[in-house]
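Per TrEMBL, Na(+) binding site is recorded for G76, V79, N83, N341, L470, S474. Marked as transmembrane segment by TrEMBL: 70-88, 100-121, 142-169, 226-247, 259-282, 302-323, 335-356, 458-483, 495-513, 533-550, 571-594, 614-639.
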Amino acid sequence: MPKNSKVVKRELDDEVIESVKDLLSNEDSADDAFKKSELIVDVQEEKDIDVEEESEVEDERPAWNSKLQYILAQVGFSVGLGNVWRFPYLCQKNGGGAYLLPYLILLLVIGIPLFFLELSVGQRIRRGSIGVWNYISPKLGGIGFASCVVCFFVALYYNVIIGWSLFYFSQSFQQPLPWDQCPLVKNASHTFVEPECEKSSATTYYWYREALNISSSISESGGLNWKMTVCLLAAWVVVCLAMIKGIQSSGKIMYFSSLFPYVVLICFLIRALLLNGSIDGIRHMFTPKLEMMLEPKVWREAATQVFFALGLGFGGVIAFSSYNKRDNNCHFDAVLVSFINFFTSVLATLVVFAVLGFKANVINEKCIAENSKMIVKFLRMGNISQDIIPHHINLSAVTAEDYHLVYDIIQKVKEEEFPALHLNSCQIEDELNKAVQGTGLAFIAFTEAMTHFPASPFWSVMFFLMLVNLGLGSMFGTIEGIITPVVDTFKVRKEILTVICCLLAFCIGLIFVQRSGNYFVTMFDDYSATLPLLIVVILENIAVSFVYGIDKFMEDLKDMLGFAPNRYYYYMWKYISPLMLLSLLIASVVNMGLSPPGYNAWIEDKASEEFLSYPTWGMVVCILLMVLAILPVPAVFVIRRCNLIDNSSGNLASVTYKRGRVLKEPVNLEGDDASLIHGKIPSEMSSPNFGKNIYRKQSGSPTLDTAPNGRYGIGYLMADMPDMPESDL
């Protein structure tokens, strides 16, 4: 080929390369224009949206440092004070070991499916409770607000219990413990035991008089208890400092607050098993009373315990899971955390009844010693013949078996005169049957048992430090259930919101550290959470299964997890769980209606508790607590249904997609424009142009309905791919 021909060929090749570069640059610019363009999307009754990969949705969203940290956070939230002082009481009350069967069945039917549901929506949508339920169905967006209100109510009094535990913790560094014996009162002539303590017990007196300095009724305020006020302030300072940086600060504390209680429980179990009577307590605990399984009340209380043990409806589960990676196996997490919670309850029950068995044995020995002295006295007086007492029995050092033998003999011989002798049978089962729960277990029964432990201050310090950590783990989840959705929705600074929230809660919480504060704790515990949370979780189930669509939700799970969840969950979410929850709600309403609203007041003169009804204003407060907690649900529904708020106002936002990221931009709709892409017009775009037929709206799509947190369902499909599968979340 001639030399000039090679030159011409090289020039032609260069022109071709430049043409290709021009084409690519034009394509890039068109692609950039497309990426920067705004998509207006529809909220439909059946949501159609594709939330992109975790790194694309919101790059700046915090994340857990490790999977272990996340699991510990969920365990710390679900495993709380109720596992230690509620579950053992229910187990004893409802058939012992037989109670575990209905509890396990209901854990599988209600607990794990609903826990899995909350983990899934939080992880998939990566928002707090307000954002999640706004996204699922804007008209049901009030579910998230209701969760926040309930969380706030519960946080108000739950931190008071942590304050009580801090007080007892601070008083445990003494030998002997301050609640070991009744105090002595001195007057001018002589010294005597405090009458109120003598009529009750040392630990009971210390709890009601020294710690709470309680008034005789809820109407008697009595002013602030300064000791408990300081402890409440300390509790809120700890919570605020731990939560001020969100999971970045609270996540590190989880390693201690979640694991330390297990160390203490195991130490207590080992120590208790080495004490006399512990096996009697455990045997009494797990002796099954199968006939009680047929009682509806047992199943109702088991369902309620499952429901609250996992923290369903609070929003903390959703908030924690929203910081997960999008491909995290939340199904495994749901099963793991649920069974950790169950086995923690069983472990706590073993510990409680081993310790109570030891306490019952100590009390029983005192009872036998006192009654043996009475029998010796009757023998000397001639009320009982020496001939009926077996010769091998020494009443000055009698064993429990020998005493019961003598007791039975006297009862048979002195059948008519026996009641006048006032002898006690001194059965250890009678002491173990005295069911105690809540503060009565932690601050009275358990503290009394620990006074009989060798090195009792050490065990007291460990026990109340465990209670503090159990409470803090639950408080972190509860506060996260408030902070995360509010920050996601209103874009306020987390640090400022956390401080304001804790400061406000402390100020309102001063009603719980009055002398009558314990009665307000009972009121809030009974009325602020139970019914509202049941309604919230029922609505969550309905929103996912029937409003959003259970089939689409199952497809989303398959897309997120990489495998299809067992069909078992489909039937649970769609049929069984809603029916069970509705039954539980009806049973709870009936039980609340049949039970007179009131509280157990401590009467100083009698040194005993007495049930009192709430005054009229107290009944109003109880009703207001329930109404205020659930009010956001109908309020938001009416506002959205009737379009009472202008959707194009500044505080409502639309969603734009820029490189797959969800961003918040003002809505700016003009006229009846059905175009989905708003950016440069075709004449302004670099060639080649993207025609408007690339994306098309689905036929019959409703009008635009915005959500406060700026999430929409995507109402478009690829026009040239009619069979393309839809990604629903």
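Cβ coordinates are placed from backbone N, Cα and C, and glycine is handled just like the others.
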Proximity of the transmembrane segment (495-513) to the transmembrane segment (458-483), 3+ C-beta pairs under 8 angstroms: yes
Top Cβ-contact partner of the transmembrane segment (571-594) among 70-88, 100-121, 226-247 (pairs under 8 Å): 100-121
Remaining residues near the recorded Na(+) site, that is with C-beta within 8 Å of the centroid of the site residues G76, V79, N83, N341, L470, S474: V75, F77, S78, G80, L81, G82, S258, P261, T344, G473
Which listed residue (N83, N341, S474) has most other Cβ within 10 Å, given these are binding-site residues: S474
Considering the transmembrane segment (335-356), which listed stretch of 70-88, 100-121, 226-247, 533-550, 614-639 counts the most C-beta pairs under 8 Å: 70-88
Residues of the parent chain within Cβ reach of the transmembrane segment (142-169), under 8 Å, 6 or more residues beyond its termini: 81, 128-134, 211, 227-228, 231-232, 234-236, 239, 313-316, 439, 442-443, 447, 460-461, 464-465, 467-468, 471-472, 474-475, 478-479, 481-482, 485-486, 501, 505, 508-509, 512-513, 517, 520-521, 524-525, 528-529, 532-533, 535-536, 539-540, 543, 625, 628-637
Long-range neighbours of the transmembrane segment (614-639), counting only residues six or more past its ends (CB under 8 A): 139-143, 145-146, 149-150, 153, 218-219, 523-524, 526-529, 531-532, 535-536, 539, 597-599, 645
Listed in sequence order, residues with CB under 8 A of V79 (Na(+) binding site) and six or more positions away: S258, P261, I340, N341, T344, L470, G473, S474
Listed in sequence order, residues with CB under 8 A of G76 (Na(+) binding site) and six or more positions away: M254, S257, S258, L472, G473, S474, F476, G477
